[in-house]
Amino acid sequence: MENENHTGLTQFYFHPLSPRREMQLLIFMAFLLMYVVSLCGNSAITLIVCTDHSLHTPMYFFLANLAALEVFYSSSIAPLTLANLLSGRKATISLVGCGTQMFFFIFLGGAECVLLAVMALDRYVAICNPLRYTLIMSWKVCVCLAAGSLGLGSLFALQFTTLLFHQSFCDTSEINHFYCDVMPVLRLVCGNTKSLEAIIFAATSITLTVPFLMICISYFFIVAAILQIHSAAGRHRATSTCSSHLTIVLLQYGCAIFTYCHTSSTYSPEQGQVVSVVYTFVTPLVNPLIYSMRNKELKDAFSRVLGRKFSLKSSLLSKIVFCHTY
């Protein structure tokens, strides 16, 4: 414990994604493109669901919440990462800033995991108990479930952040990552961290396992119900809505389990960075694409919104031309 420097440590350093300046700029352009597209896509889904009354159903309410979470989740990491890549200097972050970033991405990521379980429950009720769907999934229940996912996400974040940032950090303050993730920061803690690792591993396992088990159980009954549907159109509709959700579940939980369900001794910084790029930049990018390509109602609503905008613009243009002429 001779090297502990918790009270004197005021900032961390991020290990660069590449030592070459040309590669840093190339990574910056790729990350910027993915971030902008994901912002536009997820913001569009949120706005369309809010403005189109035909989408004011529990399924789209939860989808809009998921899209909004993706916007804030990627924004908790991407802007600082992009700024560090563009500057080309050795990037730093304060101790408080590191803890704040960790809190928000765990909070938003945890809320997403719980919300995906809520969405699976919503699909279970819609497919397995359609006659009582509107009664069970009332707006009061939907709001409580969405608020509950945020509440659990904040509890996860508070637990992990408080536990980690009450430790003593060594003199080596370089984080071998492009943001303040749990495992890279844990590797900077001084002394024997086995008990701390065990607590984090157990908490992470419970945090990920319980919602994932709920999703698996829901889909077990959903698949059984789909197999009993005689109509090909009804079977296709049920399968298409569930397949979009299931694809996002596999991406989200696959990356989270690969990253967090192991100890620091088995953690690979290089593999961790690759997986982190997937769930911080790629997953928020593909989520709106997966839902928009497979969902006819969402595409029709998007066309209606665009149609109204173009109609309004053409109407205003006609009035301007008329006034100018006369």
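Backbone N, Cα and C atoms are what each Cβ position is placed from, and that goes for glycine too.
If you check TrEMBL, you get these features:
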DOMAIN    41-291  domain 'G-protein coupled receptors family 1 profile'
TRANSMEM  25-48  transmembrane segment
TRANSMEM  60-82  transmembrane segment
TRANSMEM  102-121  transmembrane segment
TRANSMEM  133-158  transmembrane segment
TRANSMEM  198-227  transmembrane segment
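The average per-residue pLDDT of the prediction over the domain 'G-protein coupled receptors family 1 profile' (41-291) is 88, rounded to a whole number. Only sequence-distant pairs (6 or more apart) were considered; of these, fewer than three Cβ pairs between the transmembrane segment (198-227) and the transmembrane segment (60-82) are under 8 A, so the stretches are not in contact. Here the transmembrane segment (102-121) has Cβ contacts under 8 Å with residues 59, 62-63, 65-66, 69-70, 72-73, 76-77, 145-146, 148-150, 152-154, 156-158, 160-161, 164-165, 179-182, 185, 207-208, 211-212, 214-215, 218-219, 222, 245, 248-249, 252-253, 256, 279-280 of the same chain, all six or more residues outside its ends. Only residues 6 or more beyond the boundaries of the transmembrane segment (25-48), in the same chain, are considered here, and those with a CB under 8 A from a CB of the stretch are 17-18, 55, 63-64, 67-68, 70-71, 74-75, 78, 81-82, 85-86, 281-282, 284-285, 287-289, 291-292, 298, 301-302, 305.
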